[in-house]
Every structure is written in C-alpha cells, then in structure tokens.
C-alpha cells in the first residue's frame with residue numbers, strides 16, 4: 001500500500017512524523033539497521049525489533065546475486081525469507097555497482113559488470129532494479145541511480161546527475177508498468193554543487209515520488225560540504241514527503257541531519273563497529289579491546305537499557321573480544337543498535353517537547369565538543 005506520512009511537529013528545521021505502512025508504523029526521525037544479505041549481521045529479527053527498530057534496509061544488488069529472485073519468490077518475498085514482518089526499504093543497487101570501480105562499465109542503458117561472486121558478466125539497469133525490488137516485496141523501492149563520486153568536477157557531476165534523472169524517469173515508468181502497489185523514492189544527486197542539486201530536485205519533483213532521498217553524500221567529501229548541501233537541498237523538497245539521507249552515519253551525522261530536516265537514515269556503522277569492538281555510549285566511543293577494560297566490572301553505559309548493559313560488564317565484553325568469541329560480536333551489536341535507537345527516541349522526544357536545540361547542546365557537551373554551526377544560521 002501507499003505509505004502515509006504524517007508530519008506531526010517541527011522544531012526549527014527538525015521534523016517529527018510518522019510513516020504508516022500496511023506492515024506497521026515507523027516513528028520519524030528514524031534509523032534503519034542494514035540487513036545487506038537479508039540479515040542484520042548476527043541478529044535474529046526478534047532481537048533487532050527488541051532494540052527498537054521499526055524498519056530495515058535490504059540490499060537489492062547483493063540479494064539479486066545471492067540467493068537470487070527465484071529463491072526469493074519461492075518463499076514469497078524478502079519479509080518471508082528473513083522472517084521480518086515490519087516494513088523494508090531496499091536500495092536500488094546503484095551504490096554497490098558504483099563501488100565496484102574498474103569492474104564495471106556505465107552506459108546510458110545501464111551498468112555492465114562482473115559478478116563479484118563468480119566473475120560472470122552481468123548487466124543491471126533501471127528496469128531490472130525495479131523488477132528485483134518488486135520480487136523482494138520492498139515497502140520502499142529506491143530508483144536506480146549513479147552515485148556521483150567524490151571528487152568530481154562540475155561537468156562530471158552534471159553528466160552523472162543528468163543520467164540519474166533519466167534513469168529516475170525510467171524507474172518511475174517501469175515501477176508503474178509493473179503495477180507495484182508499494183512506494184518509490186527518488187534520489188537527489190549533483191555532488192557538492194548546489195546548482196546541480198537544484199536541477200536534480202526540480203526534475204525529480206516533476207516526475208513525482210512517494211519520498212525523496214539525498215544521495216551522493218558521505219562518499220569522502222568534507223563534513224562542511226555535506227552540511228551545506230543538506231541545508232541547501234532539504235528546504236526545496238516537498239514538505240509532505242519523507243526525506244531520507246542515504247548511508248549516514250555516525251551519531252553526530254544523525255543529529256546534524258535532523259537539524260537540517262532529514263527524517264530517515266541508514267548505515268552499517270553500528271553493526272560494523274560492534275564487530276570491531278567500537279561501542280557507542282553517551283559520551284562517545286569505547287574501544288572494548290583496550291587493556292584498561294580488563295578489570296572494569298561496570299556496564300558499557302549506565303544510561304543504556306539494552307540486554308548487554310543490563311547483564312554484562314566491560315570486563316566480560318573485553319574478554320570475549322580478546323578471545324574472538326562470536327557472543328562478543330552479538331552482544332556488541334545489540335548494544336550499538338540499541339544506542340542508535342535510543343538516540344532517535346531522544347531526538348523525537350526533544351522535538352515533541354520543543355527543546356531540540358537544547359538537546360543538541362547537551363549531546364555535544366557530553367562529548368566535550370562544540371556544536372557545528374549551521375551554514376545559513
């Protein structure tokens with residue numbers, strides 16, 4: 001079904017809302033854990049839900065290569081395959097193809113590349129991406145686009161953005177031809193160039209989508225450029241549609257995104273960092289492998305209500321990390337995912353109570369850092 005987006009409140013540029021799907025509701029601003037291969041690494045769906053997550057992200061490109069569309073359809077769709085019955089957003093595969101570097105060739109038609117699993121020659125285009133995502137049963141389908149690399153000259157970024165707009169129209173047309181009852185999001189491109197972002201927004205809104213993502217950021221550009229582009233782009237996006245910042249990010253990035261009007265985020269950071277023993281806490285990051293934690297009998301974060309913090313000490317987690325025990329990665333992941341969801345809960349509460357600016361000040365004070373300035377403050 002078509003999602004319903006209720007924008008309940010604004011506090012400055014920060015937005016408080018709710019997404020309603022047939023499979024459930026999502027409170028925004030929202031963070032989506034990443035389940036690349038149909039699993040949030042190391043977690044059961046019940047555990048992921050227990051951290052507070054209401055929507056997951058799946059990866060079209062990787063699920064197309066393994067296990068493939070036919071296996072997916074044998075189960076019904078991705079929800080049935082992985083036993084997650086809340087909403088799922090799937091990316092289009094564009095970023096993964098971009099990440100292949102020299103293994104791929106981009107043309108107007110689409111992208112030719114070698115399958116990184118077995119070396120076979122393979123082709124993906126806007127139409128194929130729409131077909132795969134329909135078979136996945138994605139509640140939110142992303143258009144097929146080219147992620148503009150950084151750095152890129154103005155001319156390079158312009159050509160990339162213009163092709164992404166043409167692919168956006170093809171994605172829209174094929175999505176409609178397939179009679180997909182779910183939702184299609186456009187992706188704003190244009191690199192770090194404000195004039196190109198303007199053209200992209202205008203083109204996408206003329207085509208018309210159920211929501212709009214800001215893509216091509218967090219690809220190596222300075223933070224100041226990301227903030228500048230967000231501040232420039234978000235006010236141009238339709239007020240009544242959800243806004244999604246793709247592939248972002250650190251806790252600070254989520255706060256800064258909300259400050260500039262973003263509603264949805266995804267990133268592998270909480271799960272990947274957990275597996276590397278980097279754990280997010282109220283005051284920053286704990287590297288649990290460090291020797292100083294060997295005899296520390298306190299929990300990771302006294303403010304955290306996750307299963308890990310309620311039951312285990314830093315000393316035990318340090319021991320598991322040193323011994324490379326699988327349980328360590330699982331407990332770390334539970335904690336990091338819950339940290340991200342608690343952060344979003346705190347952000348939503350602050351917006352509800354008209355004290356988001358105060359929340360931002362407190363957030364950075366706990367990290368002993370200055371609040372980054374708004375470019376257009």
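Placed from the backbone N, Cα and C atoms, the Cβ positions cover glycine too.
The Cβ of residue 91 (active site, proton acceptor) has 31 neighbouring Cβ atoms from other residues within 10 Å, across all protein chains displayed. DSSP assigns residue 91 (active site, proton acceptor) to a strand. As annotated by Swiss-Prot, active site, proton acceptor applies to 91, with the evidence given as sequence analysis.
Packing around residue 266 (active site, nucleophile) is summarised by its Cβ count: 22 other Cβ atoms lie within 10 angstroms of its Cβ, all protein chains included. Positions annotated as active site, nucleophile by Swiss-Prot: 266.
Taking Cβ-Cβ distances under 8 Å and a sequence separation of 6 or more, the neighbours of residue 93 (substrate binding site) in its chain are 59, 60, 61, 64, 124, 129, 132, 144. Residues or ranges marked as substrate binding site in Swiss-Prot (evidence: sequence analysis): 91, 92, 93, 94, 95, 145, 189, 216.
All chains included, 19 other C-beta atoms sit within 10 angstroms of the C-beta of residue 304 (Zn(2+) binding site). As annotated by Swiss-Prot, Zn(2+) binding site applies to 304, 306, 309, 335.
Here Swiss-Prot flags 247-253 (among others) as region 'RNA binding', drawing on sequence analysis. Model confidence over the region 'RNA binding' (247-253) is summarised by a mean pLDDT of 96.
Annotated region 'RNA binding' per Swiss-Prot: 271-275 (among others), in sequence order, evidence recorded as sequence analysis.
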Exercise. Given that the record lists 91, 92, 93, 94, 95, 145, 189, 216 as binding substrate, what is the largest C-alpha to C-alpha distance among them, in Å?
Worked result: 15
For this session: Return the member of 91, 92, 189, 216, 335 nearest to residue 266 (active site, nucleophile) in space, with distance defined Cα to Cα and candidates limited to these recorded positions.
Result: 91
Problem set entry | Distance [Cα-Cα, Å, rounded] between residue 306 (Zn(2+) binding site) and residue 91 (active site, proton acceptor) | 29
Exercise. Does anything in the same chain, at least 6 positions from residue 92 (substrate binding site), have a Cβ under 8 Å from its Cβ, and if so what?
Worked result: 60, 129, 133, 141, 142, 143, 144, 145, 171, 187
For this session: Starting from the Cβ centroid of 304, 306, 309, 335, the recorded Zn(2+) site, name every other residue in that chain with its Cβ within 8 Å, sequence order please.
Result: 299, 300, 301, 305, 307, 308, 310, 334, 338, 339
Problem set entry | Pairwise Cα distance for residue 189 (substrate binding site)/residue 91 (active site, proton acceptor) [Å, integer] | 15
Exercise. Under the DSSP assignment, what numbers of helix, strand and coil residues are found in the region 'RNA binding' (247-253)?
Worked result: 3 helix, 0 strand, 4 coil
